[in-house]
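Here's what TrEMBL has on this protein:
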type    : residues                                               : note
DOMAIN  : 41-364                                                 : domain 'Tryptophan synthase beta chain-like PALP'
MOD_RES : LYS80                                                  : N6-(pyridoxal phosphate)lysine
BINDING : ASN106, GLY208, ASN209, LEU210, GLY211, ASN212, THR363 : pyridoxal 5'-phosphate binding site
Amino acid sequence: MPTSLKEFEAAWANRSNPLDFSGVWRFRRLLPFAPDDQIVTIGEGQTILQQSDPVGKYVGMDAGRLHLQYEGLNPSGSFKDNGMTAASTHARMVGAKIAACASTGNTSASLAIYASTTGLFRVVVFVGSGKIAFGKLSQALDYGATTIQIRGDFDDALKQVRAVCAEGGIYLCNSVNPFRLEGQKTIMYRVLEGLGWEVPDWIVVPGGNLGNSSAFGKAFIELKKLGLIDRIPRLAVINAAGANTLHELYEHKGLRWNDGRPDQSLIDSFYTDMDERNRRAQTLASAIEINRPVNLKKCLRALDACDGVVREVSDAEILDAKAHVGAGGFGCEPASGASVAGARLLRKQGIIAPGDRVVCILTGHQLKDPDVTVGYHAAESNERLAEKLAGGGVVERPFSNGPIVVDNDFQRIMEVIRQIE
Ligand code: F0G
C-alpha cells in the first residue's frame, strides 16, 4: 500500500500505459481486486476539478472556495464510467457473456459503451417508459445495447432486472454490484489530487440510488485508516424534493447507521406507507427520480463517517443552479444541478460557512438532457417543453437565456447586435 497520496503522481509520467492513463486505474492499489491483465479500461476518469467564482458567488461562497468536479467529461458523459470500468473488469474475470442493468439513463449509457468498445459481453438495459432523457436513450441505442423499455419507472425496472439476472445467470451491473462502488471511490481520489492532496471541508453530491455517496464514504474511511489523510470531509447528499426517501428517513425520522444496525422498522414502515399511497418518484432531474435507493444502508454508513447532512431541493432550485453552472462553467445535466442548489441551501442555513472549501460533484454532462435545458431557456417557443417544466413546478425561470428571434434581414440583425453591451 502507498505511504503517501503523492506516490500516485508517478503515474502521470506514464501515460502510454492505459492503466496509468486511466483516472480510475492509476489508483488501482486502492482497489486491488483485479490482476492488471484483466482490467477493462476505455480511458475513463480524465475529469477536471475547476474552481468557479461565478458559481461560488451564486452559492454564497467567498472567492476561491467553490470547486466543481466535472464527471460529465467521462467517455459516456457521466460519473458512471468510474464504476463501470470496475464492474466490466469483474464481469470479464468471471467470464460473463451478458451484462444487464436498470437505469435512469446514465448507467445504461455507460454499460453500453463498455460493451460496444470492448466487445467482451452483450448488454441488456432496462429503462422506465418516458423516464429517460433523450441524450441517454440515444446512447444506449447507438451503442447497440438491447433496450427493454418497461411500462413503469426506475424502481420497477430495477426490481425486474434483479429478478431476471438471478434467473438467467446474467451479470448485474447496477450499483448493488460492489465493484461499481470500488471504481466510484476514485472520484474522491481525483478531487484530492485536484486540491494538491488537501482534504476539502465539504463534498456535495446528488443522491439517487446512493451509490456515489456510499462509495465516497468508503473512500474516505479507507484513506483515513491507511493514514493517507488526516481528516475526513463532511458529506452533503442532496435529494430532489420529488424523490426524497433519504431526506425523509435521515432528517425527519432519525434513521442512522447505528454501528451497522440501522432501524429496519423505520425503513419498512416508510416503504409500506409509500406503497399504500402509491407515491411514485417525480422530478425533472430524471437521473435521480428514485424512491427506493438500493444503497440506502451503505449511504448511512457514509453519512456517519463523514458527519453528513441530507437536504432536498425543488426542481426550480435545481434548474436555477444548473443555469449558473452553464453560465459560469462547463454546464451539467439537471440532477447534477442539485449539488449546487444543495450547497446554496446549506450556505443559507449557515451550515456551510462562506470560507469553507466546498466541492460540488457534477455527475453528468450538459448534453444529456437537452429537453430540460432548452425548456428552461426557451419555454415560450415550445409548448411541449413548457408543459414539461410546469409539471415540475418550474414556472419562473429567472436565469433563462432564450434565443432572440429576428427576421432574415441584415438591418434587423444589426439592430439586435448593437444592443449587446
Ligand atoms: N447524477 C446523475 C447524472 C445520475 O445519473 C445519477 C444516477 C445520480 C446523480 C445519482 O447517483 O445513484 O449514485 O446516488 N443515475 C443512475 C442511472 C440511477 O441509472 O443512471 P447515485
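The backbone N, Cα and C atoms fix where each Cβ goes, and this holds for glycine too.
What TrEMBL annotates, mapped onto the structure for a quick look.
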residue: LYS80; record: N6-(pyridoxal phosphate)lysine; DSSP (3 states): helix
residue: ASN106; record: pyridoxal 5'-phosphate binding site; DSSP (3 states): helix
residue: GLY208; record: pyridoxal 5'-phosphate binding site; DSSP (3 states): coil
residue: THR363; record: pyridoxal 5'-phosphate binding site; DSSP (3 states): coil
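Listed binding-site residues near LYS80 (N6-(pyridoxal phosphate)lysine): ASN106, ASN212, THR363 (candidates ASN106, GLY208, ASN209, LEU210, ASN212, THR363; Cα-Cα distance within 10 Å). Cβ neighbours within 10 Å of GLY208 (pyridoxal 5'-phosphate binding site), excluding its own Cβ and spanning all shown chains: 32. Apart from the site residues ASN106, GLY208, ASN209, LEU210, GLY211, ASN212, THR363, the chain places the Cβ of PHE79, SER175, PRO206, GLY207, SER213, ALA287, ILE288 no farther than 8 Å from the centroid of the site's Cβ atoms, the recorded pyridoxal 5'-phosphate location.
In sequence order, PHE79, GLN184, ILE187, VAL205, PRO206, ILE361, THR363 are the residues near ASN212 (pyridoxal 5'-phosphate binding site), counting only same-chain partners six or more apart with C-beta under 8 A. The highest number of surrounding Cβ atoms within 10 Å, among the binding-site residues ASN106, ASN209, THR363, is found at ASN106. Residues ASN106, GLY208, ASN209, LEU210, GLY211, ASN212, THR363, recorded as contacting pyridoxal 5'-phosphate, have a largest CA-CA distance of 14 Å.
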